[in-house]
């Protein structure tokens, strides 16, 4: 099916940082588990709403065009936004589990991070079947079960694509979407996830099959919404058109890499999809895998992320000419950060949050100190005036421009 769209598809010339780090995809370990306590019941499926009628309908005034409704949590200061144009409210900062849960940090540290995040208003926790070969999901599930938080008080997202070594254990076939999600639920010890993401596009699976399978898992109560991750704008539009053609459920969100040096997709392509079809954005890697921290100066210090096993690509990036240029730009941003009374990491995260259509930014941290620093970016967001953003753009020299 050919779909025309004004969005410019991003040219992916190299593998993303997640691809490089994950490397060959090992199969997830098995896992037993039952429903988490807390009194929640099965989520509603995709059926009708019943026959009750209302005597009068009072239309609500429309929201400002392109505006994400934002509110602030009582006692925490956390800000909440709608996930795209859906009704789901998510914290504008979420906690990711990539390369940390089940691998880089201990289970005790993982529990501390989840607790600190939850107590500071974070309600969005993201994982994937491939993270640490399933151990990240298992660790997250064990913590949630031990904490006993109300299931209705947080949002769990997982991603499906790379499951195991067998041909039928990866990709976006109907078989793997259903069985992969069931495996994730077993490891998470949950009855459902709030959002299931297709963790990349799959040219070997027909789009209709993908959309029908996602609709099926939602109708079966295994997920409440579905989204995409690292899909092109054209692919997302095709999925939406397929859903509308066959009365299926369209995606509500795209997960995309976004930081000072990765801008075009989130700034130029996804806002158009947000306005046209209501697809929101959840972004990841706001610090470019720690490159935007001012800790590197063409060198790789001891005990930094670039020295961790599996991060050889980051070490090479830091020492490359392109990496050195990016580090120079980070150094140039330090005066702006000092003027705002924040760290360059806080500035970078707040900068990501200001993009149109972005519902949440996922944080990847390995200590409570890092998490608290990153949560402080919310105070910086209000200080990002148009003038400040223009100064940042001038220093970066890579602002995306419309081709209209």
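Using N, Cα and C of the backbone, Cβ positions are placed for all residues, glycine too.
Residues or ranges marked as active site, proton donor/acceptor in Swiss-Prot: 131. The NADP(+) binding site annotation in Swiss-Prot covers 97-98, 104, 126, 199, 229-230, 255, 284-289, 295, 305, 364, 366, 370, 373, and the record cites similarity to another entry as its basis. Annotated compositional bias 'Polar residues' per Swiss-Prot: 1-14, in sequence order. Annotation source Swiss-Prot lists compositional bias 'Gly residues' at 28-50. Residues or ranges marked as region 'Disordered' in Swiss-Prot: 1-78.
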(message) Would you identify which of the recorded positions 131, 230 has the most other C-beta atoms lying within 10 angstroms of its C-beta?
(response) 131
(request) Would you mind pulling the DSSP three-state label for residue 126 (NADP(+) binding site)? (result) strand
(message) Taking 10 A as the limit, how many CB atoms besides its own sit near the CB of residue 288 (NADP(+) binding site)?
(response) 21
